[in-house]
Ligand SMILES: O=C[C@H](O)[C@@H](O)CC(=O)C(=O)O
Ligand SMILES: [Zn+2]
């Protein structure tokens, strides 16, 4: 079964006045992984789609998505699928066997996508201006960046999977950041990148733990409490950062005007409010 939720873009002045319910309705990502279902969120931030597919031993086919206005979702889009569950396969032309942590880039025109096996598949998709070859990217193929320190509780490793240093894509830049033992802060010091939106998914967080995800303009921050396999949609004007009550991993994805990972404006520690 396929379900799609629409999310319009919110401007920063409107977001300032939101209470917890409104913040969650607009920016929180939850409940996208359900057995036997494909659940998508169609955002109006760079028209990024985020979602989940859980075939639960069976098979699920993602083909026409009304919101895209094309016969098949990949007719004018590219996609990245990340397996956050057990072994599974994804078929789009070829069949790819995916273990936990593997990412699959599917180029524009790859056709319908079939999810099977015991994977829990996180889906990201953005409009694409040209056809590029599909590619399975494993963690050992990813570019690695070590950041932070124990002293500032933000020691972490950024694995850049779909990234200009690894492969070409149209809009999508996707990776996975793992917190080191005892470190809790991601993306702190924080940044904004007005030319690209970002989507976050927190994983490997123990069920009874949480992450406090920070969002908002640098001087008007708000927070979302997120649990395991939940995340946030980060508008281009918003910071995106978080602290976990335990160590965790998160998957970040961006779409927008460029694929330049370093095109960010840092927010000073003294500036954030
Ligand atoms: O623009 C880049 C994204 O926010 C993430 O790559 C940042 C991140 O994983 C981190 O600092 O922990
Ligand atoms: Zn960012």
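A Cβ is built for glycine as well, from the same backbone N, Cα and C atoms used for every other residue.
TrEMBL: automatically predicted annotations, no manual curation.
The Cβ of residue 240 (Zn(2+) binding site) lies under 8 Å from the Cβ of 187, 190, 198, 200, 213, 214, 215, 232, 234, 252, each of which sits 6+ residues away along the same chain. Per TrEMBL, Zn(2+) binding site is recorded for 191, 193, 198, 240.
Take the CB of residue 198 (Zn(2+) binding site) and look out to 10 A: across all protein chains shown you find 25 other CB atoms.
One residue stands out among the binding-site residues 191, 193 for having the most other Cβ atoms within 10 Å of its Cβ: 193.
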